[in-house]
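Features reported for this protein in Swiss-Prot:
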CARBOHYD  N28  N-linked glycosylation site
CARBOHYD  N77  N-linked glycosylation site
CARBOHYD  N178  N-linked glycosylation site
CARBOHYD  N493  N-linked glycosylation site
TRANSMEM  405-425  transmembrane segment
TRANSMEM  431-451  transmembrane segment
TRANSMEM  455-472  transmembrane segment
TRANSMEM  533-553  transmembrane segment
TRANSMEM  561-581  transmembrane segment
TRANSMEM  598-618  transmembrane segment
TRANSMEM  667-687  transmembrane segment
TRANSMEM  698-718  transmembrane segment
TRANSMEM  733-753  transmembrane segment
Amino acid sequence: MRFAFFGIFWLQIFGSILFLLGFFPHKNDSTGKAMSNQFSPPAVIDQVVFVMVDALRADFVFSKSHNMPFTQSLLYNSTHGIGFSAFARSPTVTMPRLKALTTGTIPGFLDVLLNIAESDTGSSIEAQDSWVYQLNSFNKKIEFYGDDTWLKLFPSAFSKFEGTTSFFVSDYTEVDNNVTRNFDHALPSSLSHSWDALILHYLGVDHIGHLYGPSSPLLNIKLLEIDTIISRIYKYLQEYDEKTNTHSLIVLCGDHGMNEVGNHGGSSSGETTAALSLLFPSNELSHINKPILNMDDNPYSILERVEQVDVVPTICLLLGIPIPKGNMGKVLSPVTELWKDTKTAKMAALSNLFQLSLLKNPSLTTSELSTQFQDSDLNDIRLALENLQSQMVAQSSSYSLDRMLVAISILGACSILSLILFRNLYNYKELLAFAPFVVQNIIIVFSSSFIEEEHVIWYFAAVSLSLLQLLNPKTRLAGSLQLFCLSIIKRWNQTGQKYSDLRDIVDDFIAPSTFMKTILCVTSAFMPAIRSPSPINFLSSMFIAFYKLMPIISKHLNELPIIASFDYTFFVRIIWSLLLISFLSKPTFKQLRCQLSLFILLLTRLENMGLYLLYDIWQRTMPEEGTLASVMYYVAEQVAFFSLGNSNSLATVDLSQAYTGLDSYNIFAVGILLFTSVFAGALWWCLHQPKRMMDRSVKTFWIMSSISLTFLCISCFIMRHHLFVWSVFSPKLLYNASWASMYFLAKCLISTIMVRLR
């Protein structure tokens, strides 16, 4: 049976991968390069500085409540700057957004995985047309300093460069200082720089968002730093343009925004609304940056809304280089007045229209387009650009239907084979108990609203099971304690989409209170050691509590040398060593459970550590065997996943815990730590099931996850043209694939080892 089971498992893994490849096809980006056409206008800009600030939400630049006085003075009190709220299409992570900002294309959702993997070969787009390539083809020199993702995308494009690591999110100071320190060379006082294009990518804003959220006072300090940098660049170029009689452009933009927690990757208005500003030190524009009056649907979209990819044809036309072949952007209307006569401005818009038209009709000639629009004015061409762009964006998604259908057949067969294989595992009563959850899992995946608010369904299921215990006088006290715990667990973190911005227990009682954080941290850290007492376990618990509270301690005692020079990475490695030594010295069931529980606590946010105290009370009051116990432990794993603040959106993935104990980026180490931190709650319940239930629990989880994944794939196939396919169904598919593969493997491994220990 074991060999048959693992055969089915690997067949399901194959089916899952096949479906993902069909649903998230890695786009075969155009390898052709654009050439100048008869509409190409002369250049009106001689050099450009492209300043990318990671996670720069539109309101960070345009709202008076944020600290960018110099930039705002250019936008609101001068004629030298224009600003836009740029729509960054999902997925809102760095690599796909950089592809969009350089090629004008709309990247696929699979780029999320490449963004995390940082594969050099998988990431490079040098074979694809972009404004970076076009500048190189015109023998323009480009210098780059900042996020090394650019170096992976364009390995040989820059004459001078220095990269910084983007994934080490715990640093938000040095990572930006390492960019600015190149200014003495890039912006010399002699005004004799050697570049035609300078690209700078700052990461500090993004890292502060991940660590502390957009409401942190650190954000305004960082924004002022960015504003000072923009001021320095602007004044340098102003002086340079005056001396050399040239014209320069500064592009200040974000690759994406961030939500109210500080994360990104999803499709909320905060994540998809990025800043885009064009600053002209020696040119003036008549455009007035008027705030949008009705911002009810998007409070972050302060100025005129445009597609983020619109910056690509704008840069190309201003610099007099061909627009990338696969571009789907349209030139920003206000800049066309830089061509002083209307005829040339019209030619610039026609050049963009011709490039977009070739995507739809490759056989189109310039003469045909010229004839079609010979009597049209500039506004007519702009309208045609808008309509054509809308059509091309709508057609940008492609699927491999054959792969998807074959994969669904394989996954369906795996589900049926699993039911046949374990048909003797359950009696009629047990099948009846699990049936509602099978039906529930099927219903959830066919509704975008249910997927977004799935946590509500699992909370309801947990409460219902606890209420059942109130019917029996013997379990009435246990049921009451469970309901008490669940009432707090449900309100600990607001998650999902609809009510995620509402205040929760963390916001109101834990985050503002040093006392509450300290009490909950210390109590939670010592709970595993109390369950499995030994001197080394208590020492590990003490070290974990000290490590978690160190940021609080350092605020008050930072003047002490031992605090100021505290090495977090080395200290975490000491904790890891203690956990390993403790288990090897006494390899028992309780000891392994204790060490893994402590490891999970180490990778949990300080504000969430108190949840494990509630889990502990809930678990101790559960029945130790029987159908109800099996169902309750299955539901508890789901509840724990959501109660820690997770959801079916990639935006809730907390990268900050994935670097615990690391001093550099390593994909395997980060992957393991990230997986553990995301599924920490579910893993805790896996560890704390009664030993005699573990094998049965693994098989139950397998059947449930297999059926759920099969029907989710069917749902994604049916809903592939749904409005929320990328923002709702796609992240859910990635999560479910992780549940059915990585989490199941971890659960299987833990159960196999623990069952064999005494």
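Note that Cβ sites are derived from N, Cα and C of the backbone, with glycine treated the same way.
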Fill in the blank from the handout: Rounded to a whole number of Å, the separation of the Cα atoms of N178 (N-linked glycosylation site) and N77 (N-linked glycosylation site) comes to 32
Completion exercise
For the glycosylation sites N77, N178, N493, the largest set of other C-beta atoms within 10 Å encircles the C-beta of N493
Exercise for the section: Measuring Cα to Cα, tell me the gap between N77 (N-linked glycosylation site) and N493 (N-linked glycosylation site) in whole angstrom. Expected result: 42
Problem - Close approaches to the transmembrane segment (405-425) from elsewhere in its chain (Cβ under 8 angstroms; 6 or more beyond its ends) - result: 1, 4-5, 8, 11-12, 14-16, 18-19, 22, 696, 699-700, 702-703, 706-707, 709-710, 713-714, 717
